[in-house]
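The structure appears right after this line, and notes come after that.
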Amino acid sequence: VISYYVCYFSLPVKLINGGVAGLIGVTCVFPIDLAKTRLQNQQNGSRLYTSMFDCLIKTARSEGFFGMYRGAAVNLTLVTPEKAIKLAANDFFRHHLTTDGQQLTLLREMIAGCGAGTCQVIVTTPMEMLKIQLQDTGRIKTSPLMCLSHAQRKLIRQAAVRGGAAEGSFEVRARTGLQLSRDLLKSRGIAGLYKGLGATLLR
């Protein structure tokens, strides 16, 4: 009975600890993650940044301090349920893989971790996809049109024509995570939010 109540009350504590740790982690490392995304998405013909520090300095100058946290709202909103699913699933698998109160073997530890990670991608995949798109919005928005790739210029011109904008007055407006989610659900359905699921599972 005592063991049952200890396990029962330890789960909410783990969820709170995981959520708080996740929020602090996102706040501390998000600018580095943003720089990584923008550096990776650069095209050969439109290289705006030469290094991580160059990216952070230019981002802060053009978009302000909070520009380095573009897309962080998605992570801050979803990191707690992500950690909750991961911790709860890990405890669930560990409980069912334990026999006679013995310590789990390395193989069973790995199976429990893989099971928890598999459950976690329910939140991780859409969170990562929305975050990356929002992070890269600033790079495209603050770039001169001539520095963008051919595909980016084509998309901007098409959007401008549909919106009735005059030639040469192209503007890329930053969208929120909610707007991106709504657009993806309309155009691609729920599968649009889970693009890259296989790669996330392997990771």
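Glycine is no exception: its Cβ is also placed from the backbone N, Cα and C atoms.
Quick look at what TrEMBL annotates:
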REPEAT    9-96  repeat 'Solcar'
REPEAT    104-203  repeat 'Solcar'
Report task. Please spell out the DSSP helix, strand and coil residue counts for the repeat 'Solcar' (9-96). Result -> 74 helix, 0 strand, 14 coil
Report task. Average the per-residue pLDDT over the repeat 'Solcar' (9-96) and send me the rounded value. Result -> 86
